[in-house]
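Okay, structure first, notes after.
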Amino acid sequence: MTKRRTWTYFLPYGLWLALFVIAPVALIIYQSFFDLGHHFTLSNYSTYFQSATYLKMTANSVWYAFLITLFTGLISYPTAYFIHQLKHRQFWLLLVILPTWINILLKAYAFIGIFSQAGLANQFLTFIGIGPQQILFTNASFIFVATYIQIPFMILPIYNALDDLNPAFINASRDLGASNWQTFRHVIFPLTLPGVKAGIQAVFIPSLSLFMLTRLIGGNKVITLGTAIEEHFLTTMNWGMGSTIGVILIVAMIVVMLLTGDQKREGGTPR
Amino acid sequence: MKRRFANIYLIIVFAILYAPIIFLIAYSFSQGDTMTNFHGFTWRHYQTLFSDTRMLAIVANTLLIALLSALIATLIGTLGALSITRTTKRVTRESLLTLNNVLMVSPDVIIGASFLIFFTMLKIPLGFSTVLMSHIAFEIPIVVLMVLPRLREMSASLLDAAQDLGATTRQLLTHVIIPFISPGIFAGFFMALTYSLDDFAVTFFVTGNGFSTLSVEIYSRARQGINLEINALSGVMFLFSLLLVGGYYWIQQASQKRRQRKREVVS
Amino acid sequence: MKRLISLIVGLLAICGLLAYAGHHLQASSGSTGSKVLNLYNWGDYIDPQLLTKFQKETSYHVNVETFDSNEAMYTKIKQGGTHYDLAIPSEYMVAKMKRAHLLQPLDRSRLTGLRNYDPQFMGRSFDPTNRYSLPYFWGTLGIIYNDRFVRPGTVNHWQDLWSGKYRDKIMLIDSARDIMGMALASQGQSMNTTNPQKLRAAEQKLTRLAPNVKATVADEIKMYMTQNEAPLAVDWSGEAAEMLANNHHLHYVVPSEGSNLWIDNLVIPKTAQHDRAIYAFLNFMAEPKNAAQNAEYVGYATPNRAAKALLPAAVRDDHQFYPNTTTLHHLEVYRDLSPTQVGLYNDLYLEFKMHH
């Protein structure tokens, strides 16, 4: 392709990058240097790093995001693996995607109905003799629902990685006398690791910033970075502080992307 | 034995994935007004839904935004993926990819807030156009991510062969590259559709002047207490998604079969 | 490739169809045309029958768009990409919008119903001469309890919420000014204090309430209280009125030692376009008959004295929602504090939420 052609192809995408990625990020960074009185200042950052509240909140969010990502991964990997072995696997994969088409708010409201005092879960607990429990507004229910929401986004990349796997490797491993477990541990899992990493990227950062669920399911007992941003932007109107936390999130995002980035090109696995 | 374990595991996972949705839809047929006790079968909530012209207009708007934005995002995203693979410098490619992923992983609130600041600066009135632009914007990266792996799989020798056979750039694109990456394009389009239908926060920020999408409307209605008309709506939406997914599956199967046949002819 | 193109064309055709259908449906629900009034209101905050009546009398069609917080409304109006003719902010937000030059002054010569308003709700500090605003509804902050779990008469004061009996039983409205204000009132302080020590003490007191807090949410409280999910809640009177209407086990108390008096007001944003429709609507809503009908539908207290007289005696004399003069005397309207002072409230409140 000629150089000029490449440029015309790149133009719409490049425009998008400039207008909707670089400009908004720049605006957020710019905004983070202003205080409530619209004066240029570094005070938002010093507040953030000196306040026990914000630091604790950050630690909390990271911990919850870690748990959500962990559980999502633990559930999703076997699911993707088993689906990949099925006969009509494309069909089953679509069934995994289907629930994501039902709006997240609707699902949250369904869970409110299920977890409430007179809800399905408590009816079940009463039925087996435990008696009704407080389920809604607990950390456990928050993690459960968040995991539920994220599962499809983890299954997809792992499934794709399994799909890209060359069956010749597995056959070779079997021919060399490796057990199923050995094949999995030394061949399948390492080769699907990029999928897992992509899944972690797709789940971890959104989990750091969940805000609807912390309120609807967690009853604002879990405060994440996302809750704080939402509150600063929409309620307290402290856009400067909100942007500062946003910048922290962007930095966290870059760190996660570096940690989970593709190293395979150096590794040189044949494709 | 192992097969059985796999099946039981999958059954449990799918049961959990679908439980809340079935729960919602089941109560759309309940005569009661809350989601705690089932009170006997009725179509009443569906009747209310279909006579609610405001709601129907909003559904049409939502679908319009979803389809149109997904279409445009797929176009731009595919071009973007093509140009990313064309870049020869590793640093450029890596930084392009990083920039691409920024919107993928940014929290919705930040995307929404920054777009709002952005539109305000440009003095663009809020409404259909701003919602459409925002949806296109946050759908592009997922399209790129879905198309890129396909492009990477495409062997250089295939392209060289086509070029040696005298294919022009245009022919190369339409006859070789696009057909090869079309599964990625379809997947990208579908993911874009999913993102659009699922979005709440971004739309919430950038909408105005009476324009509303389903999730914003649900948010404002559901906060006034549970309303089973919304359950009926999720029933309809689910049926609709089921039809779409069925159609997609059918198209995919058909194309796969054709490809297989071709392969058989070649070998 | 051909298939791809035909697919794209097909999708575009569907889009066209959807655009047409959406437009057609919107037109049939009457939201386009020139004889309109764009009202930016809280959700479910006006009797829809009044809108029909207004259209019949004046032939102006009212488009209602809703917001869920003063701040969200402020952001949208300040952004300027919208054209609302009337909005309904609370008192502190009126002051804030006024300062940001987002409001048009009212033309008093065109208002016919001013006499109907109760002077108690006019000329308050947020708009001393009612140059920009007319009161729409007013109310209080108080405690809702469910008599199936809480013995009537045992909860009368803010302090009662701190009792060890109510572990994990109280739902709080997610609002910094209100919850900090509640703690301040329980300590006998003004809900408008800007003294950092007093605020710090209030935050420490709130932290002791944390074990009793079941959740800090917003509109959902209505649903949960109606469904007997929690025995106690701190919420606004208007929300309480709706809960009480749906569940007769619920009761509302305004602590007599002091609480908040809030007033929601009709204002005209700078970007308004339909001058005539605006004044027609303001005068329509000031008519006692209409204001009374609206108050009966919405369930909040009306600042329209003539309208209050038209309400059934049972409503008019209900001290839960029209408190007696002594309690009324102890109520405070939130003063519009400076951004830094509001920031202090918000930071301390966030700290409290972190301690859950």
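Placed from the backbone N, Cα and C atoms, the Cβ positions cover glycine too.
TrEMBL: automatically predicted annotations, no manual curation.
These numbers come from a predicted model, not from an experiment.
Taken from TrEMBL, the feature domain 'ABC transmembrane type-1' covers B:59-249.
Nonlocal intrachain contacts for the transmembrane segment (B:7-29), taken as residues 6+ away from its ends with a CB within less than 8 angstroms of a stretch CB, comprise 35, 38, 41-43, 45-46, 228, 231-232, 234-235, 238. Feature annotation from TrEMBL assigns transmembrane segment to B:7-29 (among others).
With a cut-off of 8 Å between Cβ atoms, the residues of this chain six or more beyond the transmembrane segment (B:55-82) that come close are 49, 100, 128, 131-132, 135-136, 139-144, 147-148, 151, 177, 181, 184-185, 188-190, 192-193, 196-197, 211-215, 217, 229, 233. Residues annotated as transmembrane segment in TrEMBL: B:55-82 (among others).
The transmembrane segment annotation in TrEMBL covers B:102-122 (among others). Long-range contacts of the transmembrane segment (B:102-122) within the same chain: residues 130, 134, 137-138, 140-142, 145, 199-206, each at least 6 residues beyond the stretch ends and with a Cβ under 8 Å from a Cβ of the stretch.
The transmembrane segment feature in TrEMBL is assigned to B:128-151 (among others). Long-range contacts of the transmembrane segment (B:128-151) within the same chain: residues 61, 65-66, 68-70, 72-74, 76-78, 80-82, 84-85, 100-104, 111-112, 115, 119, 177, 180-181, 183-185, 187-189, 191-192, 195-196, 199, 202-203, 206-208, 211, 213, each at least 6 residues beyond the stretch ends and with a Cβ under 8 Å from a Cβ of the stretch.
If one looks beyond the transmembrane segment (B:172-194) by at least 6 residues along the same chain, the residues whose Cβ comes under 8 Å of a Cβ in the stretch are 66-67, 69-71, 73-74, 77-78, 81-82, 139, 142-151, 154, 158-159, 162-163, 248, 251-252, 255. As annotated by TrEMBL, transmembrane segment applies to B:172-194 (among others).
What TrEMBL lists as transmembrane segment is B:232-251 (among others). With a cut-off of 8 Å between Cβ atoms, the residues of this chain six or more beyond the transmembrane segment (B:232-251) that come close are 21, 24-25, 28, 45-46, 48-49, 55, 59, 186, 190, 214, 218.
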